[in-house]
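Engineer: The substrate binding site feature in TrEMBL is assigned to R59, Q77, R82. Annotation source TrEMBL lists active site at H155, E259.
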Amino acid sequence: MATTAAAMAATSVVVLDRGNNTTCTINLHGATVVSWRVNNQEQLFVSKLASFDGKKAIRGGIPFVFPQFGAWSFGPQHGFARITRWHLERPPDRLHNGDVEAIFSLMDNDFTRSIWNYQFRITYRLILREKELHFHIGVYNPSKELSFTFNMLLHTYLKVPDVRRCQITGLQGCHFIDKTRENALYQEGREVVTVNEWTDRIYQHTPQEHVITNVVSGRKMRLHKYNFPDTVIWNPWVDRSREMSDFGDDEFPNMLCVEAGNVTSPVILLPGTAFEASQILQQFKCPYTIDPSSCRKKNYLTNFLQYD
Ligand code: TA6
């Protein structure tokens, strides 16, 4: 019996529910995280014009970019992973400490091989904690003789009340490719980066941690990354917003993309080897303005490391 579109759509969404109105929703189309709610507050931006037709990439949440970042002569912009249906490897499961975990996977198939003729297997483990969302990614090359090279990036759309009030730490001194200025290379001089115009920058060799201020309800978001050397900062502002059919002309003030990835230094994966990377998003409230380190309490560090 053919699976109806409705049935397909219905079985395309997986919800991790930790209780206390803290949930994470993943669409199997691209294993795109389409919602992360902490105490009933949505942390991620999804456009009101986003398409959920199971074909186009979802405009918002956290699309999974692989094996190509950006334009691609062999296939779709930002690769095929975000427009391919993933498999639910392990359904949501409550862990001993109350956290909820689920595992998704993607393997090569006729469609992917028609674009990129390599065998691969990706596992994507998501863990929903009280105020944190953990992403653990493994890429495996099962081939006996062929290596392959790939980009990988988590295209995180943060929901913000007003992007002009956001500040991003951890980019000072880093070189960046500015896609708004013919991909010229510059060096960031600011202690905190702000966004007040069309911004599309690939920051290279960035530190493991960024703090974004003034996200939902004035809180802060800590992004901690491992084995993701680059950070992309993007906001389409006025003109680019109008060019996107799945993005409202008035929505740019309410989103900020801070994307951890392997962009400028693609990963080479030898036969029979694996690559791992991870990201942790932590929403926190801190009375101190910019210097998040003064918010750091001992137990934060112990908590952070227990899953690595
Ligand atoms: O990650 C930033 C970026 O590469 C921008 O250049 C912009 O194109 C954005 O991604 C969105 O790309 P998309 O293919 O989703 O329209």
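Heads up, the Cβ atoms here are built off N, Cα and C, so glycines get one too.
Owing to the predicted nature of the structure, the values given are computational and were not obtained by experimental measurement.
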Engineer: Which are the residues of the chain, R59, Q77, R82 excluded, whose CB is within 8 A of where the CB atoms of the substrate site average out, their centroid?
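Structural biologist: In sequence order, the nearby non-listed residues are K56, A57, I58, P63, P76, H78, I83, H155.
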Engineer: Filter the binding-site residues R59, Q77, R82 down to those with CB closer than 6 A to an atom of ligand 1; keep them in sequence order.
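Structural biologist: Result: Q77.
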Engineer: Quick check: in three-state DSSP terms, what is R82 (substrate binding site)?
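Structural biologist: Reduced to three states, the DSSP call for R82 (substrate binding site) is helix.
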Engineer: Of all the Cα pairs drawn from R59, Q77, R82, the residues the record ties to substrate, which distance is largest, in Å?
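Structural biologist: Greatest Cα separation within the listed binding residues comes to 13 Å.
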Engineer: Write down the Cα-Cα distance for R59 (substrate binding site) and H155 (active site), rounded and given in Å.
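Structural biologist: So the Cα of R59 (substrate binding site) lies 10 Å away from that of H155 (active site).
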Engineer: Taking the Cα atoms as reference points, how far is R59 (substrate binding site) from E259 (active site) in Å?
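Structural biologist: Counting only the Cα atoms, the answer is 14 Å.
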Engineer: Do you know offhand how many angstrom separate R82 (substrate binding site) and E259 (active site) by C-alpha?
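Structural biologist: Cα to Cα, R82 (substrate binding site) and E259 (active site) are separated by 14 Å.
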Engineer: Rounded to a whole angstrom, what is the C-alpha distance between Q77 (substrate binding site) and E259 (active site)?
Structural biologist: 16
